[in-house]
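Annotated features, as they stand in Swiss-Prot:
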type	residues	note
MOTIF	41-69	motif 'Q motif'
BINDING	Lys63, Gln68, 85-93, Asp345, 370-374	ATP binding site
DOMAIN	72-242	domain 'Helicase ATP-binding'
MOTIF	190-193	motif 'DEAD box'
DOMAIN	253-414	domain 'Helicase C-terminal'
Amino acid sequence: MAAAAVAGVAGLTTAHAKRLLREEDMTTVEFQTSEEVDVTPTFDTMGLREDLLRGIYAYGFEKPSAIQQKAIKQIIKGRDVIAQSQSGTGKTATFCVSVLQCLDIQIRETQALILAPTKELARQIQKVLLALGDYMNVQCHACIGGTNVGEDIRKLDYGQHVVAGTPGRVFDMIRRRSLRTRAIKMLVLDEADEMLNKGFKEQIYDVYRYLPPATQVCLISATLPHEILEMTNKFMTDPIRILVKRDELTLEGIKQFFVAVEREEWKFDTLCDLYDTLTITQAVIFCNTKRKVDWLTEKMREANFTVSSMHGDMPQKERESIMKEFRSGASRVLISTDVWARGLDVPQVSLIINYDLPNNRELYIHRIGRSGRYGRKGVAINFVKNDDIRILRDIEQYYSTQIDEMPMNVADLI
C-alpha cells in the first residue's frame with residue numbers, strides 16, 4: 001500500500017517505489033529491536049530439550065546473556081533473525097543452543113550450516129556445539145581451508161548433523177556433492193560484516209543458492225553496513241531484528257586507557273615496563289601486521305620476557321597448540337594480529353594492549369570486547385603516537401566512551 005502511494009506521488013513504477021521504501025527502511029534498521037521480541041530470563045523457561053539443558057549447565061552457563069534471552073526463543077520458533085551483537089556477549093552460544101534444539105539426531109544428515117569468517121572461529125563454534133551437545137550425541141564437523149580435503153569428504157560421508165566452516169571450503173564441498181544440502185533447515189552467518197570484509201560475499205551467495213528454499217536464516221554481525229542489509233533483503237523473510245544500540249557495544253566494566261608515546265621505538269620500552277602488570281592474569285597484545293608480531297615477539301624474547309605469538313600465516317597445527325597453551329594458562333602473554341580478535345574465548349584474559357591502534361574502528365570493539373567477557377572486568381591500554389591521537393578521538397566518539405591517560409597504579413585495576 002505504502003509503495004503504491006509513493007509510486008503515485010512520484011510517478012515511479014511500484015517495483016521501483018518498493019525498492020526505495022526498502023532502502024529507506026534500511027537506514028533505520030540499525031536502531032531498533034522488533035516489537036514482538038520478548039525476554040526469556042532463564043534457560044529452563046526456553047522450552048529446551050532435557051539433554052541440551054544438561055549440556056548448557058555442564059558447560060558452565062547459569063543465566064542467559066541479554067542476546068540469549070531475546071534471540072534463542074525466536075530462532076527456535078523458526079523465525080529469520082538479524083542479531084546485532086559483538087563478541088563477548090554470548091552470541092556463539094546463542095545460535096549453538098538454537099541449532100542443537102532444532103536437530104533431529106535420528107537423521108544422520110546435515111541439518112544446519114554455520115558460516116564464519118576465520119578457521120579459528122569455525123573451530124570455536126564446532127567446539128561449543130560439541131560441548132553443549134555433549135549429552136545429545138551430536139555429530140559436528142568444521143569444514144575449513146588449509147586442512148585435508150579427503151578427510152573432509154570422509155567426515156561428511158559419515159554424516160554430520162551440523163557443519164561449521166569458512167565459505168570457500170563449504171562451497172567447495174557442496175560443489176563436490178560431499179556436503180548434501182537437502183536436509184538443511186537453518187543457515188547461520190556469524191560475524192557477517194567480517195565475512196564481507198574478507199571478500200566472501202560471492203561464496204556466501206553461491207552457498208545460499210544450493211540450500212532448500214524454506215531454509216531459515218540467522219545473521220549475526222557487530223555492525224550492519226549497507227551490504228549486509230542488502231543480503232538480509234535477499235535471504236530473509238520478515239526477519240526479527242534484535243539489535244544492540246551502538247553506544248552499548250563498548251562492553252561495560254572495561255577501563256580504557258592510553259599511553260602517549262612520541263615515537264614508534266618507545267612503544268617497546270613502554271611494553272617492557274608494563275610486563276609485570278601483564279602477567280598478573282593473562283594479556284593479549286595486538287599488532288596490525290604479521291611482521292610486527294614476529295618482530296615484537298623476537299624482541300621481547302631477546303629481552304628475556306616470556307611471550308607466545310600467533311598470526312594468520314602460521315600453520316593450523318601450530319596456531320592450535322599455541323591457543324591450547326594460552327587457554328590452559330601455560331603461556332600468559334600472547335602477541336597477535338586481529339585473527340585472534342574474533343570470537344576466541346579465553347575467560348582469564350583481563351588485559352588487552354593495542355601496541356598498534358586498529359586500522360578500523362570496528363576492530364577496536366572486537367579487540368577490547370575480549371577482555372571483559374560476560375561482564376568480567378577488564379583493562380585496555382592503547383599505545384598512541386602523536387599522529388594516532390586523531391584515530392583515538394574518533395574511536396571515543398564512535399563508541400561514545402572515554403579513554404583516559406593511563407594512571408601509575410594500573411596494576412591495581414586489573
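The backbone N, Cα and C atoms fix where each Cβ goes, glycine too.
Thr92 (ATP binding site) has a Cβ environment of 26 other Cβ atoms inside 10 Å.
When the motif 'Q motif' (41-69) is classified with DSSP, helix, strand and coil residues number 16 helix, 0 strand, 13 coil. Taking Cβ-Cβ distances under 8 Å and a sequence separation of 6 or more, the neighbours of Lys63 (ATP binding site) in its chain are Pro41, Thr42, Phe43. According to DSSP, Thr92 (ATP binding site) is assigned to a helical segment. Across the domain 'Helicase ATP-binding' (72-242), mean pLDDT in this model comes to 93. Each residue of the motif 'DEAD box' (190-193) gets a DSSP state, and the totals for helix, strand and coil are 2 helix, 0 strand, 2 coil.
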